[in-house]
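Encoded as structure tokens, the structure appears first; notes follow it.
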Amino acid sequence: MDRLRKYCEGGLSAEDERMMRDYLTEHGTDADVSECLGEIFDSIGESDAAEGEKAYFKAAAALGIDRPVTRKRHRAVSWFAGIAAALAVLIAGGATALLVDGSRDVEWNEIKVPAGQTRELVLADGTVLQLNAGSRVTYPASFRRCRTREIFAEGEIYAEVAKDPKHLFFINSGDVGVKVLGTKFNFKAYGDSRCVELLLFEGAVEFGIMSGKEIQSGVALKPGDMVQYDRENGDVGIKSFSKNDFRPFSQGGAIHFFDISLEDIVLDLQRIFDVRIVIADPQLAQKRYFAYFANGESLMEILSSLDSEIDIYQKDNIIFLQ
């Protein structure tokens, strides 16, 4: 632990630093090493943490390292353990500049959306992304030197991807990915949610679980298909939805829940309305609901409509459900 901390702070001798780089290159994602790195980086300041996340995204893009997703039930390798391991590999490999598909000096930008807000992002290729509350996207300033148009995303995104048959568009969301040439779809993959979801409106995409930089067990979707991936049990299910009657969040703030647990619903509502909601009954948290709200309903109207048997009360600016 002490040697790892000194390494991260630049306090080792040249020889010890070389040995630590070699060790991290081979063992950086081992559970015990990751835990130590997580504790070290969790102790740094907020501003340094933001820079660390950005550095990790760049390193991950260069090396094909997946960004660990932190989940409520299964604590994965921490963000900052991944940062350290990724940067260690860069240094160990003698890299002097970040590489993306063999191209040097790609500039990466990041946008984060606060709770209770939405944002629009237009990428260099003309792709338009609508970002819902609590979402984050890291993307290159230009795709000119990239063989594929790849971005890193967490949260909910409605995408209108510019068509470019020669350059695949790829969304990397840690444990899942979406591959597309040109299409319109709504993709939801928050790091703290159990359910990952994609609804396809136009075009064709492939959705699947990430393995390195590639999708494994991918499923091809057609317009009107919805795929849901359960991070707990690994189930992948495809259903149909009426794309002509359905509006995504980017059109008037519509909100949908298709066979979603109340636990995940509450996480969404907290982001959308920037409030804190507590489910007092553990069994209630696992109850699943179908609901669609497209008329600007308030938070209380949504909660009341979900289940008339739920008791709702508020105390100290916290909403309790039981």
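Any Cβ shown, glycine's included, is placed from N, Cα and C.
The feature domain 'FecR protein' is assigned by TrEMBL to 110-206.
Feature annotation from TrEMBL assigns domain 'Protein FecR C-terminal' to 256-312.
Summarising the annotation, TrEMBL assigns transmembrane segment to 77-100.
Residue counts of the domain 'Protein FecR C-terminal' (256-312) by helix, strand and coil are 24 helix, 17 strand, 16 coil (DSSP-based). Broken down with DSSP, the domain 'FecR protein' (110-206) shows 0 helix, 53 strand, 44 coil.
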